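S.K.: Handing you this structure, nothing more for now.
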Amino acid sequence: MSAIETVRDRYRTFDDQRYAPLVKGVGLFGLLAALPTIIEIDVAGMELAALLSLKVLILTVIYAYTAQAWNIMSGYTGQFSFGHAAFFGIGAYATQALVVDAAVNPWIGMLVGGVLAGAYGLIIGALSFRFKLQGHYFALATLAFAELLRFVVTNMSELRGANGYFKAFPRDYGAEYGLVAFQFQNDLPYYYLIVGFLLVVTLVSWLIKNSWVGLYFFAIREDERAAASVGVPSFRYKLIGVAVSAFFTALGGAYWSMYFNTIRPDTVFALFKNVELLLPAVVGGPGTLLGPIVGSFIVTPVSEIARTTFSDINGLDRIIYGAFLVAIVIYSPRGVVSWPSQARALWERVRGDEEVSE
Amino acid sequence: MLELSGVRAGYDDIEVLHGVDMHVDEGEIVALIGSNGAGKTTTMRTICGILSPSRGEITYRGEEIHSKASHEIVERGIVQVPENRDLFTNMTVIDNLLLGAQTEEAKADRKENLDEMLELFPRLAERKNQRAGTMSGGEQQMLTLARALMGEPDLLILDEPSIGLAPHLVQEVFDVIEDIHAQGMTVLMVEQNVQQTLKLADRGYVMENGRISMTADGDELLEDEGVVEAYLGV
């Protein structure tokens, strides 16, 4: 990884400083860490927390995390997955099944879920890529594999069928509330934990992006046939993308199952879960490091607030998701994070025109 | 070095190559000429593993390579410069060049090779952090060639390296080919620019309707009436 950096460094213009990513990262995660305090600041007799509760913040960071995981595969290699609920659900179910039925610590269950999801990802990938499924066909195949799991789990009494799992108490698996038990008695530690998760996946994503693996991913995304003809082993690298992405998505599912009280096939494997897992990345900017995080902070709070405010209108949050998706795909396929540079380009053009007319 | 015998290949159900026999020896420049649709590009693609032959065999240094994937063929030292350039247009010139280094040896030497390429193609040095798609056609062709050389090929396969280029750039491309050949690289090339190619080539093959119809030294082909009439338009 450092090898490619040094090579690039020698040929790069010096406006891109070495410590820039570190500064940005510290700034971003500092802000995320401070958010629970910020929302409680009293502004003119009103707290932001009345609108943006800690629960919504947690949900937002969960989806930022899963979108970041989705991005490693779909954003970087260009293999658009519409079936990440499969991995998410595997993570949730592996954790709960082991915790509830075998009294295994959820952290271990989480890792088991991650490995299982990675393996399932390799199966989906190997089958799809072997038969050269691309674009829409690949997306549909991933969706089919996710739906398949929903049906299987719903009909499996060993996994409690449609009823799903109810989270166990820490003492049931020999632990006490706290980090080791993966359970807390209030929301704040949960928030910091998922921010920690986000930090890890963002770091992994950054490392990939700046390595040879990332260079191969981008080459495959841009033109897979050309990548193959220069000698990039595209089949292998697409599988690496799927496996890493599936692994981290499953950890998100495990967190979900330890934060909420119940999981059922129609929540963690839900058809709509697929959309929720990818939308922040698509809105924020697929293939970018910041996009999934920014996207989630746009999409999740708006739909959550709408859902709770207009709770009598069933499905309003989904309508909002749909509207976001349509608007962004049509008007700004490079996502929200591309807006500043586009605005700058527009501004420079306007200014350039003025100079000419003078 | 490279030998094709009875190679049949094509796209889906359509067979384009109906049994191609040819060989390239170490250190040669071999030209493949023929009219549009004769199967030249298909031949190149089949050698490089982008298409796999339905019959016949391709051996490289005594090893069968026709059932290998393209990256495995690149690992053995066969690198192609495709006709449609196949650059990664949204990636920088440097990243495009880095992607050319795929074998272990090429990866180990990439820094020196990068310096060498930027020296050999000063235009690329000027544009090193620019996106490949924003460059002119000539510059893109130089980049494609430089990227292939980053792979330290033993056998370089060129598909129409001078297509769509201004005359002075065509000369530049041919100069580079002559240069790298002088350094000992074996070259197999397809070219529309028949006269210039045959002057450069040690041997030439003429392809017609998916078969090799004729083979001779470059100079002999240049003097052959049939070839002159068909491909030089004299």
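Numbering starts at 1 and runs along the chain as it is shown here.
Glycine is treated like the rest: Cβ placed from N, Cα and C.
TrEMBL annotations: computationally assigned, not manually curated.
When I checked TrEMBL for this same protein, it listed these features:
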type     : residues  : note
TRANSMEM : A:21-39   : transmembrane segment
TRANSMEM : A:45-65   : transmembrane segment
TRANSMEM : A:77-95   : transmembrane segment
TRANSMEM : A:107-129 : transmembrane segment
TRANSMEM : A:190-218 : transmembrane segment
TRANSMEM : A:239-257 : transmembrane segment
TRANSMEM : A:277-299 : transmembrane segment
TRANSMEM : A:319-337 : transmembrane segment
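Distances, neighbours, how buried they are, the whole picture for these features please.
M.R.: The list of residues near the transmembrane segment (A:21-39) in space but at least 6 beyond its ends in sequence, with Cβ under 8 angstroms from a Cβ of it, reads 47-49, 52-54, 57, 61, 188, 191-192, 195, 198-199, 202, 206, 290, 293.
Long-range contacts of the transmembrane segment (A:77-95) within its own chain (CB-CB distance under 8 A, at least 6 residues past either end) are made by residues 66, 69-70, 106, 109-110, 112-114, 116-117, 120-121, 124-125, 135, 138-150, 153, 159, 165, 217, 220-222, 224, 237-238, 241-242, 245-247, 249-254, 256-258, 263, 265, 268-271, 273-274, 277-278.
Within the chain carrying the transmembrane segment (A:319-337), a Cβ under 8 angstroms from the stretch's Cβ atoms is held by residues 275-276, 279, 282-286, 288, 290-291, 294-295, 298-299, 302-303, 306, all 6 or more beyond its ends.
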S.K.: Take the C-beta pairs under 8 A between the transmembrane segment (A:277-299) and each of A:45-65, A:107-129, A:239-257. Which stretch has the highest count?
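M.R.: Going through each listed stretch, the top one turns out to be A:45-65.
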S.K.: Using a Cβ distance cut-off of under 8 Å, indicate which of A:107-129, A:190-218, A:239-257 has the most pairs with the transmembrane segment (A:45-65).
M.R.: A:190-218
S.K.: Do any residues, 6 or more residues outside the transmembrane segment (A:107-129), come within under 8 Å Cβ-to-Cβ of it, and if so which ones?
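M.R.: Tertiary neighbours of the transmembrane segment (A:107-129) are 79, 83, 86-87, 90-99, 138, 141-142, 145, 180, 182, 235, 238-239, 242-251, 253-255.
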S.K.: Are there residues at least 6 beyond the ends of the transmembrane segment (A:190-218) whose Cβ is under 8 Å from a Cβ of it, and what are they?
M.R.: 1, 3-5, 21, 25, 29, 32-33, 36, 54, 57-58, 61-62, 64-65, 68-69, 71-72, 76-77, 179, 184, 227, 232, 234, 237, 240-241, 244, 248, 251-252, 255, 259, 287, 289, 293
